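Only one structure is covered here, and it is reproduced in the block below.
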Amino acid sequence: MLLYLLRHGETDWNVQRRIQGVSGTPLNERGRLQARALAELVRGKLITAVYSSHLTRARQTAEVIAASLGLDVRLEPRLAELNQGELEGLTTEEIDARFNGFMDDWRSNPARLRMPGGETLAELQERAWAALEDMLLAHPHDTVAAVSHNLAITAILCRALGIDLNAFRRIRQFNAAHNLVEHSPTRGWNVVTMNGLAHLKGITNTEGSPYL
């Protein structure tokens, strides 16, 4: 399987650097332009299926891509972003003020730190990786696109690369970045491209999104 693992386009909360998690924030104008750029990127790649997180910003991105390929979007909730519970909608400054000591714990040992009312990174990685494995079973010899989120994609790439989740900040994912991951029966998973941005031709916010 050859997998184009794509991050959704920009939202207003990305610009405001607010934690989105599983909130239903839609794409903004630049995000819609980025979705079209992703569609141009994958056109002609012989993609047979387009998967997406069920969250609005990912689904809207995937719909643009799928329409350009004449395909339907297959919603996959396990590709959703980390459920960040009570932190969603907040900036890192607001989190510091409301959740004393949380940011220190997040910076020092993030993998198993539970978001207040939400998930851990380890839980996210398990469900996202299970979705990836199921895509492989369904499309062992195909080229597939999947639209997901910052931390979800980062967790997948950490596992594919053998990077400990506590070191996840070694991987960056900007809005509408593309990653190319391949699997072969003999070599397993191989990350070919990571955080590719050339297709955006300047329509990107290179400050990225907060890791919290």
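In case you wondered, yes, glycine gets a Cβ from its N, Cα and C as well.
Of all Cβ atoms in the shown protein chains, 32 besides its own fall within 10 Å of the Cβ of His8 (active site, tele-phosphohistidine intermediate). Residues annotated as active site, tele-phosphohistidine intermediate in TrEMBL: His8.
The C-beta environment of Glu81 (active site, proton donor/acceptor), restricted to residues of the same chain at least 6 apart in sequence and closer than 8 Å, consists of Gln20, Gly21, Val22, Ser53, Leu55, Leu124, Ser148, His149, Asn150, Leu151, Ala152. According to TrEMBL, the active site, proton donor/acceptor annotation covers Glu81.
Marked as substrate binding site by TrEMBL: Arg7, His8, Gly9, Glu10, Thr11, Asp12, Trp13, Asn14, Arg57. Neighbour count (other Cβ atoms within 10 Å of the Cβ, all protein chains): 20 for Trp13 (substrate binding site). In the three-state DSSP scheme, Trp13 (substrate binding site) falls into the helix class.
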Rounded inter-Cα distance in Å - His8 (active site, tele-phosphohistidine intermediate), Arg57 (substrate binding site): 6
